[in-house]
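Scroll down for the structure; my scribbles are underneath it.
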Amino acid sequence: MAMLSSLTRRTVLSIPLTQHPLSTISASTSAPSQSEDETLVSAATTILKHHRSKSRWSEILSLAPPTSGFTPSQVSKIILQLRNTPHLALRFFNFTVHRSICCHSVSSHATIIHILSRSRLKSQALELIKCAIRKFPDTHKPDLSNPPRVFEILVKTYRSCDSAPFVFDLLIKAYLDSKKIDISVQLVRILASKNIFPHIVVCNSLIELIAKSRGPFAAYDMYVEIFRCENGEGRGREVKGVMANAYTFNVLMVAFHREGVVEKVEEVWKEMMTKNCSPNVYSYSILMAAYCEDGKMENAMKVWKEMGDEDVKHDIVAYNTIIEGFCKVGKVERAEEVFREMVFNGVECTCVTLEHLINGHCMSGDIDAALVLYKDMCRKGFKPESSTIDVVAKVLCDKSGVFDALEFVRTVIKKHDIVPRKTTYELLIQSLCKEGWMEEALKLQVEMVGKGYAPNFEIYSAFIDGYIKQGDEEKAETLRNEMLRNKIPCKDS
């Protein structure tokens, strides 16, 4: 992750701060004099820089004042003296924590965070930021005029630590990792008010988290806020300092695609084109998937052709998208053509590829082709999804009879060591009851209960209808009464 755009140390320090009650030096009635303080800092720095590793820590321990230990201010000063050896500075900070020889403040945390950030020690700095956020939680709701406490101190100590703007990327990431969207948004706004913008990766992470938590329209609003400013005529202009990339637009297109809003997927795609942002292979796949989901295979194939015209190589995701699209609209022959083209071009198929084709053949009633593909799946070491097992079993029930379906399911369970879904048991039990094989259905129902699936309305109804068909009203009535006693709802809750 690179540093924030357009950020200078002078600009960072110009951000207005509210007065914070926490001093950079912990208050104490017995605070050391300036000369004592300097002597202690100098001695500790000398020990850390010049003494052997085995002896330095015991000497630091003996140097720490016995009752109060080091003050946060002293620790900060020592760390600053070690800024060119950040790993040693971090070991010293951690030593003071583990040996409880300093009651650390936000400022002492900020100092080590700055030193690690300026040295690009990302993971270590990020972990300490998260630690500081947990240890010093905000007692107020952060906003533009009253920012988070940790942010305030990082700004306040920025210049003295000769820090790097990268630190604010890490701070926002820490809040994002904690799913604290509102605070992350406020930090972006505070920085943006000074024409300071987080790195594109941080911006994308924020938009993606908003999309997952609050939906695509909220994510799009955040995109507009970060990357565009509306002028008086309602048209957007690009903000200097940070530019949206293909990942940004992919996040938005995926979010709208999941909501089924095809027109918004198209709108984001057009905006990407107007920004002269080159789409990647995944961008094309998202747009094709949106069209395929909507049954617009002609539009999807236009995008497919455009990929070739732009020398964007079709990858497995693109192939799977088109194959699934053709299978869903009942054009399994076209799906097979695309599959053969994929193999010819040396693109390895995945389990998903074969499942799409199996589903397509099952939709068209060609169970033999579906079973051939299943055997191919097994040879390649793939494990079918439960939904695929259900689809094949249903067609077998319709075409060959329930016992062929039951044998297929048993074989799959044994070969792949999987537990069938409740829907698989329902399908087989309903088919057995419909064909009058009540004893076999009862055995399968016992097995189903043993797997933790309680009988539902569909199971009871299958048995009741089966017994009525056989003329056994007594058993049917017994099951009706059992349903009432067990308060079985008409549909699964």
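Even glycines carry a Cβ here, placed using N, Cα and C.
Annotations in TrEMBL come from automatic prediction, not curation.
Taken from TrEMBL, the feature domain 'PROP1-like PPR' covers 366-476. The repeat 'PPR' annotation in TrEMBL covers 245-279, 280-314, 315-349, 350-384, 421-455, 456-490.
DSSP assignment over the repeat 'PPR' (245-279) gives 26 helix, 0 strand, 9 coil. Long-range contacts of the repeat 'PPR' (280-314) within the same chain, counting only residues at least 6 positions beyond its ends with a Cβ under 8 Å from a Cβ of the stretch, are 246, 249-250, 253-254, 256-257, 260, 262, 265-266, 269, 272, 321-322, 324-326, 328-329, 331, 342, 345, 347. Long-range Cβ contacts of the repeat 'PPR' (245-279) within its own chain (Cβ-Cβ under 8 Å, at least 6 residues beyond either end) map to 200, 203-204, 207-208, 211-212, 215-216, 219-220, 223, 227, 238, 286-287, 289-291, 293-294, 296, 312.
Looking just at the repeat 'PPR' (421-455), the mean pLDDT is 93.
Sorting the repeat 'PPR' (315-349) by DSSP state (H, G, I as helix; E, B as strand; all else coil) yields 26 helix, 0 strand, 9 coil. Assigned with DSSP, the residues of the repeat 'PPR' (280-314) fall into helix, strand and coil as follows: 26 helix, 0 strand, 9 coil.
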